[in-house]
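Positions annotated as domain 'Adenosine deaminase' by TrEMBL: 9-312. Marked as Zn(2+) binding site by TrEMBL: His14, His16, His194, Asp275. The active site, proton donor annotation in TrEMBL covers Glu197. Annotation comment: TrEMBL describes His218 as site 'Important for catalytic activity'. What TrEMBL records for Asp276 is substrate binding site.
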Amino acid sequence: MYDWLNALPKAELHLHLEGSLEPELLFALAERNKIALPWNDVDALRKAYAFNNLQEFLDLYYQGADVLRTEQDFYDLTWAYLQRCKAQNVIHTEPFFDPQTHTDRGIAFEVVLNGIAGALKDGKEQLGVGSGLILSFLRHLSEEEAEKTLDMALPYRDAFVAVGLDSSEMGHPPSKFQRVFDRARNEGFLTVAHAGEEGPPEYIWEALDLLKIQRIDHGVRAIEDERLMQRIIDEQIPLTVCPLSNTKLCVFDHMSQHNILDMLERGVKVTVNSDDPAYFGGYVTENFQALHEHLGMTQDQAKRLAQNSLDARLIKP
Ligand SMILES: Nc1ncnc2[nH]cnc12
Ligand SMILES: [Zn+2]
């Protein structure tokens with residue numbers, strides 16, 4: 001089944017580039033940039049990848065991102081991810097990047113963007129992997145800081161298709177970012193947001209009604225609210241679900257309890273994605289494989305999930 005799933009043409013719609021930083025590359029970049037690491041080797045770092053919740057993961061994710069310093073570093077990170085896409089027949093990807101994770105450390109916005117955009121361009125030309133980049137605001141920071149980030153991005157507006165919202169969900173509802181999302185939409189950007197990963201269904205309502213999002217990132221807690229489920233089904237609003245992430249971060253205790261196939265069978269436009277593959281144990285094909293192993297996903301269900309991912313692209317072919 002793995003080879004069949006791997007060969008299935010698919011799109012990835014929920015992937016944090018910083019979360020694709022494999023330990024081997026992290027160590028190589030630390031050496032290149034002469035940065036001391038608190039782990040002795042790659043194995044010691046991998047052992048630290050045991051999380052009880054989103055915040056424990058985020059603490060390590062931001063620490064790992066500190067090795068990214070130069071345009072070449074961002075290029076290498078993105079290029080390594082695009083090669084995984086090629087190997088797994090991901091024909092199109094819409095990755096997130098978190099500019100504030102870097103600009104707050106003194107890395108210039110254009111250093112980050114030029115590295116990523118250069119690799120995405122080469123990915124299209126040399127690997128045939130299409131893409132659309134999503135600029136994501138960190139929700140644990142203020143709306144004012146998100147506004148400043150949008151200001152920095154506007155001179156490079158052609159490099160993005162959308163803005164998103166990620167980082168610590170609880171206590172940081174979508175309503176906190178209503179004004180900056182309004183401005184982003186007025187500037188011509190599409191919008192997406194993480195909602196209903198750890199946060200309640202109310203956050204998904206807010207993301208839809210206040211941020212006017214095209215897709216819900218995660219959204220697995222929608223199942224707790226029947227009226228919300230009906231809306232998501234009626235309006236065919238895509239959910240970018242990340243099964244391995246949800247089990248690694250204890251949103252579900254075990255993959256056998258994941259609700260993605262129940263949602264699929266109820267008519268929700270769910271898709272399969274890897275979120276932060278270097279930290280959660282696999283890329284898109286491994287996520288599909290886990291659904292097959294633990295939930296008995298059939299080939300017909302896999303085909304529908306893959307087709308949903310192609311249909312839910314922000315950039316239509
Ligand atoms: N799963 C996730 N949820 C929220 N913010 C993130 N940043 C990177 N991965 C994330
Ligand atoms: Zn995510």
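Every residue gets a Cβ built from N, Cα and C, even glycine.
Annotated features, which come from TrEMBL, shown on the structure.
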residue: His14; record: Zn(2+) binding site; DSSP (3 states): coil
residue: His194; record: Zn(2+) binding site; DSSP (3 states): strand
residue: His218; record: site 'Important for catalytic activity'; DSSP (3 states): strand
residue: Asp275; record: Zn(2+) binding site; DSSP (3 states): strand
Using other CB atoms within 10 angstroms as the count, which residue among the recorded positions His14, His218 scores least? His218
With Asp276 (substrate binding site) as the reference Cα, tell me which of the recorded positions His14, Glu197, His218 is the closest one. His14
Does any of Glu197, His218, Asp276 have a Cβ within less than 6 Å of an atom of ligand 2? These are the recorded positions; tell me which, or none. none
Counting every protein chain present, what is the number of Cβ atoms, excluding its own, within 10 Å of the Cβ of the residue listed as 'substrate binding site'? 26
So which of the recorded positions is most packed in, judged by how many other Cβ atoms lie within 10 Å of its Cβ, out of Glu197, Asp275? Asp275
Other than His14, His16, His194, Asp275 themselves, what residues in this chain have Cβ atoms within 8 Å of the centroid of the Zn(2+) site's Cβ atoms? Leu15, Gly19, Phe96, Asp166, Asp217, His218, Thr240, Cys242, Ser245, Asn273, Asp276
Counting across all protein chains present, how many other Cβ atoms fall within 10 Å of the Cβ of His194 (Zn(2+) binding site)? 29
